[in-house]
Amino acid sequence: MLSVMVSSSLVLIVFFLGASEEAKPATTTIKNTKPQCRPEDYATRLQDLRVTFHRVKPTLQREDDYSVWLDGTVVKGCWGCSVMDWLLRRYLEIVFPAGDHVYPGLKTELHSMRSTLESIYKDMRQCPLLGCGDKSVISRLSQEAERKSDNGTRKGLSELDTLFSRLEEYLHSRK
């Protein structure tokens, strides 16, 4: 039963995160600072993400006619680490860059959220918080997601608040 729930959640993620591969990959500027490795150290940046998202949420969700698919089971269980790593990379490399084309009037807000999320992701990668094992499942999900269109971008951006909640849950589960 658990494997069916996890499998169903992963398949749903693949659908809504699919976006155009024409988007440029994310670039991250690496600073010579030591990352914060405690989940509570991410609270301020997550709050900043939520505040920015709240300003643009009506626009992003206006065209989203799908139900919420990024449920809490996604980051729990044996694949949670790999799923969170894949989700964050997907948002930074594909969803946010494609969002610039889908929502040109929201470029400032999207760039702000992307920059903050990049900072969180970079710190997490330098900490043991995302030390994952086998990525073969995520690799298959990624290949499937690449076949989607702008609907994946719209869905991904409209559910940013859910992503932020799942990220927070994940960070707290790694204490």
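Glycine residues also receive a Cβ, built from the backbone N, Cα and C atoms like all the rest.
Sequence annotations record features per position, and here Swiss-Prot assigns signal peptide to 1-19.
The annotation disulfide bond is assigned in Swiss-Prot to C37-C127 (among others) on the grounds of experimental evidence. DSSP assigns C127 (disulfide bond) to coil in the three-state reduction, placing it in neither a helix nor a strand.
Per Swiss-Prot, disulfide bond is recorded for C81-C132 (among others). Secondary structure from DSSP puts C81 (disulfide bond) in a helix.
Summarising the annotation, Swiss-Prot assigns N-linked glycosylation site to N151 and lists sequence analysis as the type of evidence.
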Checklist entry - To the nearest whole angstrom, what is the C-alpha distance linking C81 (disulfide bond) and C127 (disulfide bond)? => result 13
Item to check | Other C-beta atoms that fall within 10 angstroms of the C-beta of C81 (disulfide bond) | outcome: 20
